[in-house]
Amino acid sequence: MAAPKKVCVIGSGNWGSAIAKIVGANAAQYDQFDTTVNMWVFEETVNGRKLTEIINTDHENVKYLPGHKLPPNVLGVPELVDSVKGADILIFVVPHQFIVRVCDTIKDHIKKDAVGMSLIKGIDASPEGLKLISEVIRGKLGITMAVLMGANIANEVAEEKFCETTIGCKDKTYGSMLKELMQTTNFRVTVVEESDVVEICGALKNIVAVGAVLLHGLPRLPLPPSWRAAASLTSSPPATGGRNRKIGEAFARTGKSIEQLENELLNGQKLQGPATAMEVHEILKQKNMVDKFPLFAAVYQICFNGHPVAEFIQCLQNHPEHK
Ligand SMILES: NC(=O)C1=CN([C@@H]2O[C@H](COP(=O)(O)OP(=O)(O)OC[C@H]3O[C@@H](n4cnc5c(N)ncnc54)[C@H](O)[C@@H]3O)[C@@H](O)[C@H]2O)C=CC1
Ligand SMILES: O=C(CO)COP(=O)(O)O
């Protein structure tokens, strides 16, 4: 029998911890995986103790996923290079702004035939154009990559509420292995080959989520309830407690900057929707296509350029599809 596959979860934020809960339980249950799952923890001190010590002693990430026990076979590792040594499966789940540094740090320390799976929502925008995060990782590390994306809220998944998600994986053998690693009774996984589509939808959904929340925050516009409902249906997670919702509502209410609200309200967690709106805006500008995507443009202008939230509706009224 083949040696059990060793898994490393790179990241231990809100989603990283919820995923480690699942992966730890499945690795303990299925023979094809090594029971011990490493989880890279960006070390910090919480209530006078190291976060890794808390995780490895109390089996709870009290800062990023309080109230949920992690399986005891999930081992918090503070050194990134140590955490990935010998791993056959690398699960990338850090906020997207940190991924380049993570890859540069591990590139000479991973197995050459490791397979990676990115759970990171976002894109990489540079003067050369748009890159998917999985492409960035593949480019830096030269490994086979899959992605996992869904309308998933970490706390709901950790509470074992019924949720579904999609793995995008071009290689079917890896696809079924990754499904076994991720699926539980209440976290249902579909595997498809169109990995790039899964990934870009996952990233763009966070901009739509912010837009939907901003619309909800417009108290006096003559929008019928059905319109607001339709907006939230395009992205149900913000309607049920995501960070894009929390910050979007506070932004519309207080007028404070996104950065300030992130610092004040998220306790170290990172917001992805507005940052993705900024990156997508860069790409659309490069390609002279801003006018074709008024919703993305409006989210960007409102979040970063001081445009009033009430302008949102005009951008939709002037959508090129209606001209
Ligand atoms: N939270 C959620 O419900 C979901 C999140 N995602 C995606 O998962 C990815 C990771 O998000 P979360 O786990 O929620 O993270 P998070 O936003 O909860 O946590 C921030 C994490 O970044 C770490 N960090 C802070 N400074 C750092 C640095 N300089 N270098 C490296 N790490 C640093 C913190 O220690 C913490 O682990 C994001 O791309 C997000 O879009 C996807 C689905 C659901
Ligand atoms: O990607 C996500 C949900 O699918 C993360 O949502 P929030 O960042 O709004 O919590």
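Backbone N, Cα and C atoms are what each Cβ position is placed from, and that goes for glycine too.
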Given that TrEMBL records Gly11, Ser12, Gly13, Asn14, Trp15, Gly16, Phe42, Phe98, Ala154, Lys270, Gln272 as binding NAD(+), the matching residue among Arg243, Arg245 is Arg243
What does the structure give for the C-alpha distance between Lys270 (NAD(+) binding site) and Arg243 (substrate binding site)? Integer Å is fine. 8
Which residue counts does DSSP yield for the domain 'Glycerol-3-phosphate dehydrogenase NAD-dependent C-terminal' (241-313) in the helix, strand and coil classes, in that order? 51 helix, 0 strand, 22 coil
Under 6 Å from ligand 1 by C-beta, which of these recorded positions make it: Gly13, Lys205, Asn244? Sequence order, please. Gly13
Which binding-site residues from the set Gly13, Trp15, Lys121, Arg243, Asn244, Lys270 come near ligand 2, judged by a Cβ under 6 Å from any of its atoms? Lys121, Arg243, Asn244
With an 8 Å cut-off on Cβ-Cβ distance and a minimum sequence separation of at least 6, pull the same-chain contacts of Trp15 (NAD(+) binding site), or say none. Val93, Leu119, Asn152, Ala154
Tell me, by DSSP, whether Gly13 (NAD(+) binding site) is helix, strand or coil? coil
